[in-house]
Amino acid sequence: MPHTLWMVWVLGVIISLSKEESSNQASLSCDHNGICKGSSGSLNSIPSVLTEAVKCLDLSNNRITYISNSDLQRYVNLQALVLTSNGINTIEEDSFSSLGRLEHLDLSYNYLSNLSSSWFKPLSSLKFLNLLGNPYKTLGETSLFSHLTKLRILRVGNMDTFTKIQRKDFAGLTFLEELEIDASDLQSYEPKSLKSIQNVSHLILHMKQHILLLEIFVDLTSSVECLELRDTDLNTFHFSELSTGETNSLIKKFTFRNVKITDESLFQVMKLLSQISGLLELEFDDCTLNGVGDFRGSDNDRVIDPGKVETLTIRRLHIPQFYSFNDLSTLYPLTERVKRITVENSKVFLVPCLLSRHLKSLEYLDLSENLMVEEYLKNSACEDAWPSLQTLILRQNHLASLGKIGETLLTLKNLTNLDISKNTFHYMPETCQWPEKMKYLNLSSTRIHSVTGCIPKTLEILDISNNNLNLFSLNLPQLKELYISRNKLMTLPDASLLPMLLVLKISRNTITTFSKEQLDSFHTLKTLEAGGNNFICSCEFLSFTQEQQALAKVLVDWPANYLCDSPSHVRGQRVQDVRLSVSECHRAALVSGMCCALFLLILLMGVLCHRFHGLWYMKMMWAWLQAKRKPRKAPNRDICYDAFVSYSERDAYWVENLMVQELENFNPPFKLCLHKRDFIPGKWIIDNIIDSIEKSHKTVFVLSENFVKSEWCKYELDFSHFRLFDENNDAAILVLLEPIEKKAIPQRFCKLRKIMNTKTYLEWPMDEARQEGFWVNLRAAIKS
């Protein structure tokens, strides 16, 4: 019994392991380049089903808690390993020993409370290392990164437990492109801990409090090019002269992101910035200013000159006391050297005229996503305002009149670039005034329905994309680039109006086709982007686009964005891949050929009808159809005549004087039906013939040369034959009045020829002695 239980347990373990391996394999997807994605797959361990060909392995957002020495041993070619957001709390010492080619390692947001330098010693090729969000207090007992000579991007720290930075922490690192330190709860900083890094292109420092900021700042001035301070409360910051050290600063850009500041602390920050001799760019993103704009300091000192700062960027600045804010007049003297200013999404509605006049060096001004209107813009662009301004961006404000904007900006003599996109204009006046040097105008997403002469003729670049335009017919002789995508144009613009055009982007309109002639008319065109239109894939269009090899160099979005909209059977297919049949591509020739063939067929039928009396046959067919529509033959009691006599008018003498006399004067007499005597006047002759034949017991045909030349005799013969065929009786009697050669009977008398071949006929004898026998035989034939 114990042996049986042991076997059951072993089998259970094996089955469980096999299921786990199968689950791991199902959670992974690998491509032919060796990139395997297994994120969010509920994996409990690193899969062992992969081969050494794997180069990139993404196992983020799983449930891996432990990495053993053998888990990654086979992945000798691995270059990127992403293990972020698992539950990893333990990594064995030699877990990464086989990863000598690894360049990217992400262990962020796990539960690693202790870091070991032995993990990283084998990683001689490592360039990226992310250790953010793990609950360690320090960066280990020994230097973690001293062996990582190729490391360029390093991210360390956490929001809660990382409290201490030591001098050994960054030993061995000489150059980093990016260093991010989350020191939100930092309590201890050993001087010169960051000074060991000789050069850092971009340092991101998270600090909730500013207590240790100056100590860290001293170590950074000579090694960091771009310093970014995040999530810091500077409301009580105070600059201390004793904290300054290096005067030869390398910092060129200082960014404050999600920082809280007051009027007084900003004054102190200005003091700090004045110590950075090479500072050129200052940026404030998502910051909060708890003040009213009085930056003179509590001791009434003068505002500190920020030095050589040329670029100032402010994005999404929150000012709780916005409606009590001052006019910034205290900062006016500091703005004369600034060349680039961006104030985006910060509720700016006015730049005071006096401030605009102080911005003498300003070349670039971006006031996007603010509250500017024409009236306040006129005050901002007053006389002598922004004398050096070349680029003005007023995207997504509250502007509504193109005419007023152009007139207002006439004071800006050097303005060349204007972006007023994402405002709402709707209407464009026929004429406008603009600065003489205007080269670039952006009117995209302004809801305009048409373009007029309001557009300045001096433009070299025009962007009117994402509007409601269905026609573009402006003459812009200097225009080099036209962006007109996402409109309702149905054809390319007239090339003669744009003789200098180099770039045309006209995607996502309603264009159905364009031709080689149209493209060739743009003599200077180098780039065309016309994808996303509703192309009609005609044979001409396909031939042009598929056979012109040079076209691919001009169409920058070819072939992916060029799809057929019609014909329906190729809708959604790439223009490059569509092939139409010969009948679709040569329809005109095909229709012409069919028409010619039809004409020849009709001509042939006409010749045949004439040759074989086709018209006569059709008449007979019509008569026969009319006869077939009539009721069936009347019963025997309706038979009125013994015989209907069919004869030619030229044989009337023989019929009326001989035949009628012999038969009707015989005892008992025969009753004959003759057309001259018995046809009902006013009745259609065809109906008379049909009725007479149907009311007669027999039909006597008096055959002669005259008979076969008579059309009506032919009708009578055919109807008699139809009767014979339909009623299966022997109603026809042939009387040969004169010898007739069968070959002499016309082909159209096929019935007569057939009857003469199948029936015995009576021949009228010229010998009088034999004529009595003829009449006896005829009477007998009629009675039969």
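Glycine is no exception: its Cβ is also placed from the backbone N, Cα and C atoms.
Marked as signal peptide by Swiss-Prot on the basis of sequence analysis: 1-20.
Marked as repeat 'LRR 1' by Swiss-Prot: 54-77. Within its own chain, the repeat 'LRR 1' (54-77) has Cβ neighbours under 8 Å at 30, 33-46, 48, 83-101, 106, 111, counting only residues six or more beyond its boundaries.
For ASN114 (N-linked glycosylation site), applying a Cβ distance below 8 Å and a minimum sequence separation of six or more within one chain yields TYR136, GLY140. What Swiss-Prot records for ASN114 (among others) is N-linked glycosylation site, and it gives sequence analysis as the kind of evidence.
Packing against the repeat 'LRR 4' (126-150) from elsewhere in the chain are residues 84, 102-117, 120, 156-166, 168-173, 180, 182: each is 6 or more residues past its ends and has a CB under 8 Å from a CB in it. If you look up Swiss-Prot, you'll see 126-150 marked as repeat 'LRR 4'.
Swiss-Prot lists 176-199 with the feature repeat 'LRR 6'. Within its own chain, the repeat 'LRR 6' (176-199) is flanked in space by residues 132-133, 151-167, 169-170, 205-208, 212, 215-216, 218-220, 222-223, 225, 231, 250, which lie at least six positions past its ends and keep a Cβ under 8 Å from the stretch.
The feature N-linked glycosylation site is assigned by Swiss-Prot to ASN199 (among others), with sequence analysis given as support. In this structure, ASN199 (N-linked glycosylation site) is part of a beta strand by DSSP.
Summarising the annotation, Swiss-Prot assigns repeat 'LRR 7' to 200-223. Averaged across the repeat 'LRR 7' (200-223), pLDDT for the predicted model comes to 93.
Here Swiss-Prot flags 224-250 as repeat 'LRR 8'.
The feature repeat 'LRR 10' is assigned by Swiss-Prot to 279-308.
The repeat 'LRR 12' annotation in Swiss-Prot covers 338-361. Long-range contacts of the repeat 'LRR 12' (338-361) within the same chain, counting only residues at least 6 positions beyond its ends with a Cβ under 8 Å from a Cβ of the stretch, are 309-317, 319, 322, 327-329, 332, 367-373, 376, 379-382, 384-389.
ASN414 (N-linked glycosylation site) falls within neither a helix nor a strand when secondary structure is assigned with DSSP, and so counts as coil. Marked as N-linked glycosylation site by Swiss-Prot on the basis of sequence analysis: ASN414 (among others).
Feature annotation from Swiss-Prot assigns repeat 'LRR 15' to 415-437.
What Swiss-Prot records for 438-457 is repeat 'LRR 16'. Within the same chain, residues 395, 402-403, 406, 415-432, 463-469, 471-472, 474-478, 483 sit at least 6 positions outside the repeat 'LRR 16' (438-457) and bring their C-beta atoms closer than 8 Å to a C-beta of that stretch.
In the three-state DSSP assignment, the secondary structure recorded for ASN442 (N-linked glycosylation site) is strand. Taken from Swiss-Prot, the feature N-linked glycosylation site covers ASN442 (among others).
As annotated by Swiss-Prot, repeat 'LRR 17' applies to 458-478. Sequence-distant neighbours of the repeat 'LRR 17' (458-478) (same chain, 6+ residues past either end, Cβ-Cβ under 8 Å): 421, 434, 436-452, 484-490, 493-494, 497-500, 505.
If one looks beyond the repeat 'LRR 18' (479-500) by at least 6 residues along the same chain, the residues whose Cβ comes under 8 Å of a Cβ in the stretch are 444, 459-473, 506-512, 514, 518-519, 521-524, 529-530, 532. Residues annotated as repeat 'LRR 18' in Swiss-Prot: 479-500.
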ASN442 (N-linked glycosylation site) and ASN199 (N-linked glycosylation site), Cα-Cα, nearest whole angstrom: 40
Whole-number Å value for how far ASN414 (N-linked glycosylation site) lies from ASN442 (N-linked glycosylation site) (Cα to Cα): 17
Densest Cβ neighbourhood among ASN199, ASN414, ASN442 (glycosylation sites), 10 Å radius: ASN442
Sequence-remote partners of the repeat 'LRR 7' (200-223) [C-beta within less than 8 Å, at least six residues beyond its ends]: 157, 159, 175-186, 188-189, 191-194, 229-234, 236-237, 239-240, 243-246, 248-251, 272, 275-276
Three-state composition of the repeat 'LRR 19' (501-524), taking helix and strand from DSSP: 6 helix, 3 strand, 15 coil
